[in-house]
Each structure stands twice: as structure tokens, then as C-alpha cells.
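S.K.: This structure is in C-alpha cells; I'll ask about it shortly.
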Amino acid sequence: MKGQMTLGITASILAAFLFTVMDVSAKVLAPLGMGEITFIRGLAGLLFIPLIAMHEGKAVFSGKDRLLLHLRGLFGGFGILLFFYSLPGLKLGDAEILVQLSAFFMCILSPIFLHTTPSGKVLPWLVTIAAGAALVLQVWNFQAFNGYALLGVISSFCTASAYTCIGRLTEKGGHSGAEIVFYFQIYSMIGGALLMAGHMVMPSGVDWVWIFFMSLSALFAQVALTWGCTHIPPVIVTFAMYTGILFHILAGWFLWGERLTLFSWTGGAVIVFGSAMLLWKTRKS
């Protein structure tokens, strides 16, 4: 049991690190165009669907709940697209801190669309997370609160919506992981293709190296995250994934000399604390 816990936590931290590599690659590739980046990421993920299907050993397509599957793909694809769009205008650490708002949105969406009803005890922690987000965004400072930050918030909402769709699909049952991933990759490619229609920029030189890093890290991050979820409770996985904030901050500082403001540090700590308490309270209830 202790060995399983160690493996699960290690896998979760590895997933957080690999997601950081993916985001760093996307930020470096920003001049290439967000459409191109999103399309390539979706295509790379799509190529590995057969491997996922072989591992699961069951049919990829169930032929049911198509609307939910399309919504999962739409929200997931739109979420990653908006996140990539936010990267050029945000410090890497700030972008990752805003990602943590998905826990806040999940608590709002779950009682509406899933068979889960969090107790009233979670309300103070929802307010805490919202206050932390306000600090990071510096909503009182018009110059600090830019469109890129707003894209980051909307991206978190889309991510939470995608997770809600996955939760609903899980409740209904009969869907393979490959099918759920397939719709996400397809919609990522569609969104990317629409953005780059008529003015596609072909990668060249070192761009291909970063594309390789982005594709490979995205794939193995999902593998590591899945491995972690099969060895330890999802709540512990979530806590371990918070190390991703530290990885993003360090990467931003090392590669671009980014330094977070006191508001970002304080707000980030408040969001992490609020999310941790939220997970704890919802688990107890």
C-alpha cells in the first residue's frame, strides 16, 4: 500500500512537470500561431488513440450519448485553445494559477449537471477561491487586469465544463477512455484548423523540436496522470498536481526572467488553500 502511494504521488508530480513542459513549448511556439499549435497538439494526441484503445481492450465508439461527447470535445478543445492564447500575455506562473479556478467552477456546475450536491460548508471556500483569483487578476487595477487574464479564467471554466461532461458520461457508463479522448482531440484540431484557415504558417527549424516536446509531453502527461489516478485517490492526485504551479513559476523565471508580483504569490496561495479545503469538504460530504 505504501509503495502504491509513493508510485501514485510520483506519477502525479511527473504529470505536473510534463504539463509544464507542454505549456513552455506552447509559449515558445506562440509566434507560430495559436491555430497551428492547437491543431498540431490535437493531431499528435489523435495518433495515439489506437494505443489507448489497445490498452483498454474494448470498442472505441459506443454509439450513444453523442451530444455529451461533442460537448466534452467542444469545451475541452476551446479550453486548451483559450489557454494557449493566454500564454503570450501572461507570466507562466500566473497562467497556471488561473488554471486552478477549474475546481471553483466544478463545484458550481456539479450540483446542476451531476448527481452530486456539495453541502453548504463549501460556500466559504468558494468565496476564498474567488478572492484569491481577484488578487491574482488585480481586478481593481485596469492595467493589470488584461484580456489575456480573462481568457485564462474562461479557459478554466471550459475545462471544468469538460470535466463535468466526463463525469456525466461516467455516470451513464459504457464509454471507453479512447472515445472520450478522441472527441477532445478532434475538436482541438477543428478549432485550430478554423483559426489558421487561409494563412497557415508552416513550422521551420527549431520549431519542430518544440513541437516534438509539446506533443510528447502532452501524451506522457496524460499517461502519468492516469497512472496516478489508478494508484491513489483523486483528491491526493489533485494535491500533488499543485506542484505544477511551482514548476511553471520556476520555468517562467528561468526561461523568460518572469517574476510574480506579491498579489500573484498571495492570490495563488489563497486559491491553492481554498481548493484544498474545497476538496476536503466535498469529500467529507
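Each residue, glycine too, has its Cβ placed from N, Cα and C.
Copying in the features that TrEMBL gives for the protein in this structure:
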{"type": "DOMAIN", "residues": "7-137", "note": "domain 'EamA'"}
{"type": "TRANSMEM", "residues": "36-55", "note": "transmembrane segment"}
{"type": "TRANSMEM", "residues": "67-85", "note": "transmembrane segment"}
{"type": "TRANSMEM", "residues": "97-115", "note": "transmembrane segment"}
{"type": "TRANSMEM", "residues": "122-142", "note": "transmembrane segment"}
{"type": "TRANSMEM", "residues": "148-169", "note": "transmembrane segment"}
{"type": "DOMAIN", "residues": "149-279", "note": "domain 'EamA'"}
{"type": "TRANSMEM", "residues": "181-202", "note": "transmembrane segment"}
{"type": "TRANSMEM", "residues": "208-228", "note": "transmembrane segment"}
{"type": "TRANSMEM", "residues": "235-256", "note": "transmembrane segment"}
{"type": "TRANSMEM", "residues": "262-280", "note": "transmembrane segment"}
S.K.: Kindly say whether the transmembrane segment (148-169) and the transmembrane segment (97-115) touch, using the definition of 3 or more Cβ pairs under 8 Å where each pair is 6 or more positions apart.
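M.R.: Result for the transmembrane segment (148-169) with the transmembrane segment (97-115) is yes.
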S.K.: For the transmembrane segment (262-280) and the transmembrane segment (97-115), check the count of CB pairs under 8 Å (sequence separation 6 or more) and say whether it reaches 3 or more.
M.R.: yes
S.K.: Restricting to the domain 'EamA' (149-279), report the mean pLDDT as a whole number.
M.R.: 84
S.K.: If we skip the immediate neighbours and take only residues 6+ beyond the ends of the transmembrane segment (122-142), which ones have a Cβ under 8 Å from one of its Cβ atoms?
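M.R.: Hits for the transmembrane segment (122-142): 94, 97-98, 100-101, 103-104, 107-108, 149, 153, 261, 263-264, 266-271, 273-275, 277-278, 281-282, 285.
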S.K.: So if I exclude everything within five residues of the ends of the transmembrane segment (181-202), which remaining residues of that chain have a CB under 8 angstroms from its CBs? That is, six or more out.
M.R.: 32-43, 45-46, 49, 52, 60-61, 69-70, 72-74, 76-78, 80-81, 162, 222
